[in-house]
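For reference, the structure discussed in these notes is given below.
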C-alpha cells in the first residue's frame, strides 16, 4: 500500500531500516493525545524468570497428572474392596466354622444313631428269632408226627393190602384143597365099598354056581362013581382086605388146616413197625420239648454299637486353611494390583513427562500451525490450550477433507472438539477408571470362584466322613451280630436238626428192619414151597419199592436237615444316608438345612461373599456402562450437530454468513517471536501484498523479500456487506499501534465485527 500524503498527514512513516523499535512499540504520531496506551516493554530481568510455566515447572507437576490421579482412585477403590472383602471373608469364616461345628454335631449324632438303634434292633432280632425257633420247633414236632403217621399209614396200607390178599389167597386155596381131598377120599371109599360089595356078590354068585355045578356033577358022577370034590373059591379075606382099604384125607386136610392156621395176618409186623418207628420220633419230640421248653434268646447276646464322636472340624484345619488361603489370595491380589497400578501410574508419569517435554519443545512450533490453521482468535486459544485434541481434530478433518478452508473441515473439527471437551473427557476418564476397577474386581472374583469348589468338595467329604463312619459302625455291628446268629444257627443245626438226622436214620433203620421182618415172615410161611418167590415178588412190588422210596426221602431229609438264619446287612444303619448322598450331587442330604436342597450353611457362607462381590462388580459395571454411554451420547450429539451443519446450506455473503479477510501474520519461528520477521508496514487486506499471499498460502512467515510499507494494520475476519468490498474492509490496529492511514469508514453500519479490538485476532 502506498503512502497517501493527503489522507495520511504530512509526516511519512519511518523506513524500516531506520526504525529500531519493534512493531510492538510503535505509537500513533497523528494523535497528540495518545488515546491508545502504549505497550509496556518487557521487564529487564533474568531470562530464566518467566510469568508462564517452563519445562521444569511443568515436569514438577507430573506426579499428579490426570491419569495418575485416576489410577490412584482405582487403587483406592481396590484397597477399599480388598479391605471389605477381607472383613467379609472373616465373617464367612466364622459362619462356616459355626456351621461346620453344627454339621459335626449332627454328624456325630447321626454316626451315633446305630448305638441307639442297635438296642431296639437287638430286642427285635432276639424276639423274632426266639419266636421263629419256637415256631420252628412246634412245626418240626408236627412234621415229625405227620411223617410218622404218614409212614405208618403207608406201611399199614401196603401191609394190610398185602396181608388181605395173601390171606384170602392162601385160605381160599387151602379150603379148596381140603374140600377136594375130602371129596376124593369119600368117592374112593365109596367106590371101594361098592366094588368090594360087587365083587363079593359076584364071588358069591360064582361060588354058588360052582357049588351047583359040583353038586350036579357029583350027582351025576355019584351015580357012576365017587363024588367029585371041587375047590372052594374063598376071597373073603381079600375082600375084607379090600374093604379095609380106606383113604383117610384127614392127614392132608389136617395139614392144610394147620397151614391155614399158620398163615400170618402181619399184625406182628405192623405192631413191630409201629413200635420201632415210634421210638426215634418220640425221642426227637422229647428232646425238642426238653430243649425248647425253656429256650430264650436274650437281646444281650447281640452286641451294641458304640457311640461316635466325629471331629472333621475340630481336628481338621481345612476350613481354616481354606479361608486363610482366600485371605492370602485377596492380599496377594491387592499387592499385585498395587504393583500394577503403581507401575501404570509411574508409566503415566513418564509418558506424561515425555509428552510435556515434547509438548514444550513443540509449543513454539505449534505457533506456526496455530497461525496457519486458526479460524479466529478463539480457535487460536483452543489450539493453544487443547493442543492434543485440537491436533487430533485437525488431523481427522484433513483426513476426511483436503480442503482446509471448507465448512466440512470446520464441522469435523467442531465435532471432534465437542467429543473431546473437558467434561466429555472427564466422563470418559471416569468410565475408563470404572472399567479398570471392574476388571480388577472381576479377576479377584474369578480367583475366589475357582477356590469355592474346593470348599464344596471338602463339605462333600464331611458328609462322606459321616457316611463312612456310619458304614464302619454298621459293618462292625453287623459282623458281630451275624457271628451271634451263626453260633445260634450252628446250635440249631447241631441240636434240633441233629435230632432230625438221628430220627431219619432210625426211621431208615426201622424200615430196613420192617423189610427184613416181612421177608422172614414170607420165608416162615412159604419156605420149601413154590409160593416163596412169588410171595417175595408180590411183597417187593407192593411194599419193598415203596419202603425204598420212603427211605430215599428220609435220606434227603437227613442230608438237608439244616436251617440258614438270615444275616444283618452291612449297611443296615448307613443305607439311608448313602441314598440321600447319591440322590443329589449338590449335597441334598441329611447335612443340608431343612428347606435347603442344594446348599448348606458352609457353602452359603462363601457363596454370600461371592454374590456380594459379584453384585458389586455388576453394579459398578452398570455405572461404568452408564458413564460410557453418556460419553457416547455426547459423541453422537457432536456428530449429529456436525451432520446437521453439514446438511444445512450456508448463508451467502450478502446475508452476513460468508467471512472474508486475510489470515493473521506470523512473526514466529521455532524460537518464538522474531521481530525480524515482522515488516514495518503491511496491509494484509491488500491481495497484491506478497506478505498477504505468504500468510494465506505459506502458513507462516518466510517470504518477505518485498516489504510493503506501513505493515501496521491487519484486516481479519471482517463482515463485508453488499457494496464496495474493497473500501469496506475493517481494519484493526495491531498491538496498540495505529497506522498512519485513516480508518476506512463504511457508509452503512457494519452488521457485526466492526469493533476495533487490540491484538491480531478478533472472534467472529
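Cβ from N, Cα, C; glycine included.
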Of 335-355, 356-376, 377-397, 398-418, the range Swiss-Prot labels transmembrane segment: 335-355
Annotated range (Swiss-Prot: transmembrane segment) out of 62-82, 83-103, 104-124: 62-82
Listed range which Swiss-Prot flags as transmembrane segment, given the options 24-44, 129-149, 150-170: 150-170
One side of the membrane in Swiss-Prot: residue 60 and residue 127: no
Swiss-Prot annotation (transmembrane segment) - matching range among 583-603, 604-624, 625-645: 625-645
Among ranges 506-554, 653-701, whichever one Swiss-Prot labels region 'Disordered': 653-701
Composition by DSSP (helix, strand, coil) of residues within the topological domain 'Cytoplasmic' (83-149): 66 helix, 0 strand, 1 coil
Spatial separation of residue 508 (N-linked glycosylation site) from residue 271 (N-linked glycosylation site) - C-alpha basis, Å: 17
Residue 479 (N-linked glycosylation site) to residue 527 (N-linked glycosylation site) - Cα separation in whole Å: 67
Rounded inter-Cα distance in Å - residue 508 (N-linked glycosylation site), residue 527 (N-linked glycosylation site): 27
Cβ-Cβ under 8 Å with the transmembrane segment (335-355): same-chain residues at least 6 beyond its ends: 59, 62-63, 65, 67-68, 71-72, 74-75, 78-79, 82, 440
For the transmembrane segment (62-82), sequence-distant contacts whose Cβ falls under 8 Å of one of its Cβ atoms, 6 or more beyond its ends: 330-331, 333-334, 337-338, 341-342, 344-345, 348-349, 351-353, 356, 429, 432-433, 436-437, 440-441, 444, 616
Where residue 527 (N-linked glycosylation site) falls in three-state DSSP terms: coil
